[in-house]
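S.K.: Sharing a structure here in structure tokens format.
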Amino acid sequence: MNLFGNQAVKDFNYLPLINILYALGSLGIGYLIAKKISNLVQRAVDKHFSKHQAMLAQRLIFHILLGLFFINAFQELGFNLKILLGTAGIITVALGFASQTAASNLISGLFLLFEHPFRVGDTIDVKGIIGIVVSIDLLSTKLRSSDGKLVRIPNETLIKSEITNLSYFPTRCAEIIINISYSCDITLVKKILLEIANQCEEVLKDPEPKVVINNFTASAVELKLQAWVKNDMLSSTKDYLQELIKARFDQEGIEIPYPQLMIHQN
């Protein structure tokens with residue numbers, strides 16, 4: 001079956017060189033024009049909407065404009081436009097049956113576009129996968145993990161999963177678990193932990209830091225220090241506080257117990 005028609009192929013065989021050059025030139029110029037206009041659209045959308053909405057608008061405009069220049073180039077090469085569009089329709093239907101997952105991801109991408117539960121640059125947690133959002137495309141979202149890996153997550157998975165946006169609010173609570181011996185004075189230890197937190201410049205005064213008894217384990221009383229910090233300072237502040245706690249406990253002689261296994265022989 002000749003999808004382009006005998007006449008279209010016959011005409012193509014006798015095309016003058018000027019038509020071929022014109023078609024190629026049209027594609028080249030069309031690419032540059034589509035790139036320029038889509039970038040302008042991206043900058044305009046970025047002023048009023050989120051970065052990922054601007055990114056999706058840029059890509060959509062680019063592909064639409066480039067498609068129009070492709071149609072123009074095919075016409076210049078002598079292809080019948082009606083037959084060409086009919087062929088494209090047949091291919092689209094065939095691909096539609098074969099790519100239901102892609103269609104689902106596309107629809108999910110549009111939902112993410114309007115709901116925007118996260119933006120480019122946010123740190124999110126999806127099923128235990130934590131990373132910084134580097135791009136939000138129509139079919140998938142890409143994250144950069146803490147160890148530098150690129151993680152691609154289909155948009156359909158995101159829509160169906162619980163997403164934790166770790167960057168949504170400007171502050172976060174740094175929670176540190178501390179185990180102390182049952183023989184320790186809990187009131188004194190709580191006071192020391194609060195002193196350490198209040199002396200740390202990165203810890204916010206509102207909400208105030210607090211220490212609570214989190215659990216009683218087989219070998220220790222488990223305390224939890226909760227201190228609020230700026231979002232981008234969470235990791236470094238938490239590490240610094242733990243260093244201060246260890247040094248102060250050593251100074252005060254406060255024991256940090258560890259699980260011990262006792263074996264009794266008959």
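Each residue, glycine too, has its Cβ placed from N, Cα and C.
Just lifted these from TrEMBL, have a look:
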type     : residues : note
TRANSMEM : 12-34    : transmembrane segment
TRANSMEM : 55-73    : transmembrane segment
TRANSMEM : 79-98    : transmembrane segment
DOMAIN   : 103-167  : domain 'Mechanosensitive ion channel MscS'
DOMAIN   : 175-256  : domain 'Mechanosensitive ion channel MscS C-terminal'
S.K.: By a Cβ-Cβ criterion of under 8 Å, what residues six or more beyond either terminus of the transmembrane segment (55-73) are in contact with it?
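M.R.: For the transmembrane segment (55-73), the list is 23-24, 26-27, 29-31, 33-35, 37-39, 41-42, 45, 81, 84, 109, 113, 120, 135-138.
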S.K.: Looking only at the domain 'Mechanosensitive ion channel MscS' (103-167), report the model's average pLDDT.
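M.R.: On average, pLDDT over the domain 'Mechanosensitive ion channel MscS' (103-167) sits at 87.
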S.K.: Please list, for the domain 'Mechanosensitive ion channel MscS C-terminal' (175-256), how many residues fall into helix, strand and coil according to DSSP.
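M.R.: Helix (H, G, I), strand (E, B), coil: 36 helix, 23 strand, 23 coil.
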